[in-house]
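Enquirer: So TrEMBL lists the following for this protein:
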type     : residues : note
TRANSMEM : 26-43    : transmembrane segment
TRANSMEM : 50-73    : transmembrane segment
TRANSMEM : 79-98    : transmembrane segment
TRANSMEM : 119-138  : transmembrane segment
TRANSMEM : 197-215  : transmembrane segment
TRANSMEM : 253-270  : transmembrane segment
TRANSMEM : 276-297  : transmembrane segment
TRANSMEM : 318-339  : transmembrane segment
TRANSMEM : 359-385  : transmembrane segment
TRANSMEM : 406-429  : transmembrane segment
TRANSMEM : 441-461  : transmembrane segment
Amino acid sequence: MIKYLFLITLSLYVFTEVFPNFQLPYVLPVLCLIIVLSTILYVKTFVKILGSFFLLIGVLLLYTSGASLESYLLSFGPMLNLLTLFSIIPILAIPIQIGNYSSGIQELVNRKVKNTGHLYMLTSGISYFLSIFMNLATLPMTYHSMKPALQVFSLKNAGRFMSRAITRGFAMPLIWAPVTPILGIVIEMTGVSWSGMLPYLLPLSIAGLLLDWLLAKKAASNSGSAKLKSFQSTNEIAATAEESEKIKSPKRIIQILIAIFIFNICIAIVDRIFHFNFIILVALLVMPFAFCWSLMLKKGKEFLAGLKHHVNSYMYKMSDQFFIFLSAGFFISAMQFSGVDHRLNEIFVKFQGIIGIELFLLVIPVIPLILAFTGLHPAVALALLAETLDPAHLGISPQILTVSMLSGAVSAFLMGPYNATIGLMSGIINENPFKISNWNAVFTILYLLLVMGYLMILNIFI
């Protein structure tokens, strides 16, 4: 029952965004309120506490501002754009799964990997490219595709090796990939265009990946680089690969790269032609693109079966996300109604005046990371932060503020022990989330230093 409530709410929301003249002023807020009340009993305890905190503070803000009952109701609804994207992005993973691309990845490993340095770079690189499409599904797919290669090398801690490679590769494209919810939030709040931001975001994303590879290469050289255990292990893996689809791995990888390129070109073109909300624009393109890709693979029926499974299983599991994001959306509406967002922005302006714009820019990326340790999802943290940071009043370029906030969110994905990235990786390798977070600590610090240097350079030229 609850999944149909989710579907109806999101469908009505998208419809009103595409056709703005067709408005449902009370229907969507009522549906959001029903969802919050229906899910509060079923969500995880921590999510329940955090969401209830947002609701309570929101109610207090509205009460002290003398809001009417109508204002309480109409405060529900923000964050539906993010929930729409969260619900539809996994559909992009369907053609990758039904296309059996994992076998191509395994074949590439068997042909090209000679040492642990190569294995790390390939694992991290594959995670990077899959993350552009698959979001969280990247983690298990990359792990299980690369796992057979672990038999060949003498690794002291295979779990740590894979966790570092996969999570870091996964996090780097989140700063620019259009399917990333955090990107949509910041673009919407700062008013910049996605295509206009790519020249600023892509170099930082690639630099972060290269930094990870440099650290991995240094670690491999210090350990003498683990060598092949035996030719027997190699032959066993090669035989396993031959039993799978005999399609050349370079061709399989190139197909994914071409799909990524086409998808991003489509978004850039549609973004220039239409004036939709960026998050809605991406959400509208996901399903037809994934379906066309599946048709090219001659897997149309398999795609429809995967889509049905997605609706029946994944949507039902989104109770936590619906509760926390709708509660946070209510809190944001209450901040706007009460004027608290403006007062917070004034505080930031005064703080910036005290420490200077250069130091203030260096502080912003650290805020999402700190909030991640309180259990706040990076997307929620960014939404709250963006609501209180007005680039015009702060005297900061919107482009620089966008880079600063997004890079901070990436650090939160790398180290936040309560976010889904670390949580899922923890389940895959059966390790404590805090241990996985600790494994990424040094890289995250170096990445933030890289970001700070990059922001200083941008501040000079923009």
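In case you wondered, yes, glycine gets a Cβ from its N, Cα and C as well.
Any TrEMBL annotation is an automated prediction that lacks curation.
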Enquirer: List, by number or range, the same-chain residues at least 6 past the transmembrane segment (50-73) whose CB is under 8 A from its CB atoms?
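Expert: Residues 26, 29-30, 33, 36, 40, 43, 323-324, 327-328, 330-331, 333-335, 337-340, 375-376 contact the transmembrane segment (50-73) from elsewhere in the chain.
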Enquirer: Relative to the transmembrane segment (253-270), which of 119-138, 359-385, 441-461 accounts for the most Cβ pairs at distances under 8 Å?
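Expert: Answer, by Cβ pair count: 119-138.
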Enquirer: Tell me whether the transmembrane segment (79-98) sits in contact with the transmembrane segment (406-429), defined here as at least 3 Cβ pairs under 8 Å among residues 6 or more apart in sequence.
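Expert: Per Cβ check, the transmembrane segment (79-98) does not touch the transmembrane segment (406-429).
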Enquirer: List, by number or range, the same-chain residues at least 6 past the transmembrane segment (359-385) whose CB is under 8 A from its CB atoms?
Expert: 46, 50, 79, 82, 181-182, 185-186, 189, 324-325, 328-329, 331-332, 351-352, 394, 396, 400-401, 404-409, 411-413, 415-420, 444, 448, 451-452, 455-456, 459
Enquirer: Excluding the flanking five residues on each side, which residues at least 6 beyond the ends of the transmembrane segment (119-138) place their CB within less than 8 Å of a CB in that stretch?
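Expert: Sequence-remote neighbours of the transmembrane segment (119-138) are 89-90, 92-93, 96-97, 105, 108-109, 112-113, 145-146, 149, 153, 161-162, 164-174, 177, 179-180, 209, 212-213, 216-217, 220, 256-257, 259-260, 263, 420-421, 424.
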